[in-house]
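Visitor: Below is the structure I would like to discuss, written out as C-alpha cells.
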C-alpha cells in the first residue's frame, strides 16, 4: 500500500513537473510572438479616447484661468449690471476645478452597472458621448454667455474620465497575453502623461492660450473621442467577457484570433475555461459581496492602498510650487510656461521607459522604487525650499527635484495601480474591484485638492514631509504584502494570496482533477492508468 502511494505520488510529481516545463516552453514561444496591429490599435486608440482625455483635463484649465475668470465677471455684469465680487469669482473657479473630481467619482460608481450591459468595448464607445457633449458645452459657454455650461461640462468630462479609468485597464488586461500585459497596460499611463503635455503645449500663448481662443482648448476634447469612435467599432470585444459572461465561445475564439494574430487559440480558450471552473460563481460579484469575501480580502486592501497612494503621494500638490520656484530661480514670467513644458515631457518619457521595462523588472520593484525615490526627492526638495532664499542657485536644485519626483512617479506609481487592479481579481470580481478602486482614486484626488491648501498654509515649505510619510508607508506595505504578478495567469495571482488570506491550498487530488480537466481525452486516460498502478 505504501509503495502504491509512493508510486502514485511520484506520478503526480512527474506530471506536475512536465506541466511546469511545458508551461515554461509555451511561455518562451509566446514571448517570441510579435505584437499584432489589432492589439496595438486597441491599446493606443482605447487610451487615446480615455486616458488622454483625463490627462488633458488635468492641465488644460491652467493656461486660460485668467480669461475664464474674466468671462465669469463679464457674464455677471451682463446679467446683473454690476461686477462680481472677488469671493464669488473664487468660489465659481473653485467649483469649476473641483467638480471634475466629483464627476469622476460619479463615473467610477456607475462602472459596474454599465459594464454588465454594454461590455468593455461597448462601454468605452458609449463613454465617448460624454466627451463630445462636454466639449460642446465648454466651448460654446462663452458664446451663450453661460458660465453654468462650463461648470456642467467639467462635471460631464469628469464622468467620462471616471468611467474610462476603470474600463480601459480592465479591457487591456483581458485582451493581452500575460507576458506583455504590463507593457500594454502602461499605455494608460503613457497617454495620461501625453494628455497633460498636450494641454500644456496647446495652452501656450502662441497657440490657444489667448483670450480670443481659450474656448478652442475645450473644443479639442472632441477630437480624441471622435478618433476612438472611428476605430474601436472595428476591434473585438474582450474575449474573456464574451466567453465567461456572454457564453459566446465562438465570438471569444474570433476575438483571440484577431488580437493574437494566429488561428490556433485553443490554449487561450482553455485557460479561460480553467479560470471559470476555478471560480465559485460566474455571475458578477457586487461591491458588498466583494468586501465581505475572505478569499480576496488582501487583494482588496492592496488595491485600496496603492490607489490611495497614487493620489496622496503628493504629485498633484507639486504643481502648486512649480511656477513659484521657477520665478524664484530668476526666470522671466513670460518664459515660465515654456520651461514648465519640461514637466510634461519628463512625465511622458518616464512612462514610456516604464512600459518598456515593466516585463523585465516587474510590477513590485517598480512600485517600490517609485514611491521610495519620491520620498527621497520630496525630502531633498523640503531642504532646498528652506534654503532657496539664502543661496542664489538653490532654486535650480529645487526644480531638478521636482523633475525627479515626476519621473519617479511615472516610473511605477503613475500607471501600475491600474494594472494591478485588473490582475489581482478574477473575472467575476473585476468590475466591483474597479468600482472600489475608482471610488478611492477620486475621493483621494478630491481630498488632496481640498486639504493641501490648508496643509501648505500650516506647514509652509515642510508640507511635502506629509507626502514623504505616505510614500514610505506605501513602499513598506507593498514590500511586505504584494506578490510579483508579471507573466502570471489570473489564477496564479489569486493563488499567491491564498496564504495571507488564510485560504487552504488545493489538495493534491484536487490539483490532479484540475490537471485532468485541462488535458485532452487521450492524455486523461493515460494519467488515469498511471495513477491506478
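Our numbering is plain: 1 for the first residue shown, then up by one each step along the chain.
Every residue gets a Cβ built from N, Cα and C, even glycine.
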Visitor: Of the ranges 365-384, 485-504, 505-524, which one does TrEMBL list as transmembrane segment?
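Guide: Based on what TrEMBL states, transmembrane segment spans 365-384.
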Visitor: Which one of 279-299, 300-320 shows up in TrEMBL as transmembrane segment?
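Guide: Going through 279-299, 300-320 one by one, TrEMBL gives transmembrane segment for 300-320.
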Visitor: When you get a sec, could you say which of 5-25, 68-88, 152-172 is annotated transmembrane segment by TrEMBL?
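Guide: Of the candidate stretches, TrEMBL labels 152-172 as transmembrane segment.
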Visitor: Any idea which of 216-235, 236-255 is down as transmembrane segment in TrEMBL?
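Guide: Of 216-235, 236-255, TrEMBL gives transmembrane segment for 216-235.
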